[in-house]
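Taken straight from TrEMBL:
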ACT_SITE  HIS180  active site, proton donor
ACT_SITE  GLU317  active site, proton acceptor
BINDING   ASN80, ARG81, HIS180, THR181, TYR182, ASP252  beta-D-galactose binding site
Amino acid sequence: MAYRKEQWGVMPSGEPVSLYTLSNDNGVSASFTDLGGTWVTMYVPDRDGKLVDVVLGYDSVEAYLENPPHFGAPIGRNANRIAGARFTLNGKEYRLAANDGTNNLHSAPDLYHSRLWEAETEEGDLGTTVRFSLFSPDGDQGYPGNADITVSYTLTPDDSLVIAYHMVSDSDTIANFTNHTYFNLDGQDGGNAMGQSVWIDADAYTAADAGSIPTGEIVPVAGTPMDFTVMKEIGRDIDAAYEALILGMGYDHNWILNHAPGETALSAATESGKTGIRMEVCTDLPGMQFYTGNFLGTGPAGKNGMIYAPRYGYCFETQYYPNAVNMPEFPSPILKAGEEYRTTTVYRFTQQK
């Protein structure tokens, strides 16, 4: 196990931006930048032993400062949407920026992944870790509480990438983090990814309105195009005349994961028939937004000049349900003052013959 640090560019303020690359004895490597604590590359071997970068992204700091699709980014304090860009906590209403129609999406526009984070590396029992830390003051993005946040990435000897999130606040607040990496197991330059296959351990999803806000209805997936309980090609049903898919222009929905609350469990998997690469997703969070890159195609060119069109990658965004802060029937994303928010999501890579 090893790591390498290199200067990668500079912030508009002139501060240096670094790239941290973790590698293991199998030739697998992953790189991350202190600009946003962002996941930049993931090289894993295909069935023939050729290393393939399976995450979409950019080659430069300048591109990541734009990054409209949120490639590789940790999203917080609240991932996904809050209806009406407002919520009430302890009797007080808090207003956020309305950046997605009348709603707030991903706590924008003052995104954590546009900021420079502190970084440190360490060797541990699990493998090599790079840990990114950020202080978020009271009122930041519209949320209450001074918050200390860390996002840690660990590359293990068995080719797993472990993402661990931690946050403490001096006031009650929201803590709902995810990672917005887009995967394409044919390679980041592999083009349309809808021929790859996905399995999701979820018997239901949260129905949503035209603004992607949950209606409160819990819909069984059985007999619908939303059913991934048996692995199938992503594109098999994506263009079906089904209201949820029409509204989302493809898959962009929250699946209710089957595991017990707080239990870390295998929750999703994806495979490429072309490369033989398989990825499994384990998490302790209650939901997962499976998003098929329906709105890719804006922003800078990607790695090696690659133009990422819609459906060229897909995300497994583990999370609390969208708008959970305003829906008491959903698992709560509220973090009490002085308590610790801890959650882990694991992406494990293997090869199919």
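Just so you know, glycine gets a Cβ as well, placed from its N, Cα and C.
A sphere of 10 angstroms centred on the C-beta of THR181 (beta-D-galactose binding site) encloses 26 other C-beta atoms. Around ASN80 (beta-D-galactose binding site), the same-chain residues at least 6 positions away in sequence with a Cβ under 8 Å from its Cβ are LEU105, HIS106, ASN176, THR178, ASN254, GLN289, GLU317, GLN319, TYR321, PRO322, ASN323. Pairwise Cα distances among ASN80, ARG81, HIS180, THR181, TYR182, ASP252, which the record gives as the binders of beta-D-galactose, peak at 19 Å.
Summarising the environment of the residue listed as 'active site, proton acceptor', the number of other Cβ atoms within 10 Å of its Cβ, over all protein chains shown, is 23. It is 13 Å from the Cα atom of ASP252 (beta-D-galactose binding site) to that of the residue listed as 'active site, proton donor'. All chains included, 20 other C-beta atoms sit within 10 angstroms of the C-beta of ASP252 (beta-D-galactose binding site). Reported as a whole number, the C-alpha separation between HIS180 (active site, proton donor) and ARG81 (beta-D-galactose binding site) equals 14 Å.
Taking a C-beta cut-off of under 8 angstroms and a sequence separation of 6 or more, TYR182 (beta-D-galactose binding site) has the following same-chain neighbours: VAL55, LEU56, PRO69, PHE71, GLY72, GLY293, LEU296, TYR308, TYR312, GLY313, TYR314, CYS315.
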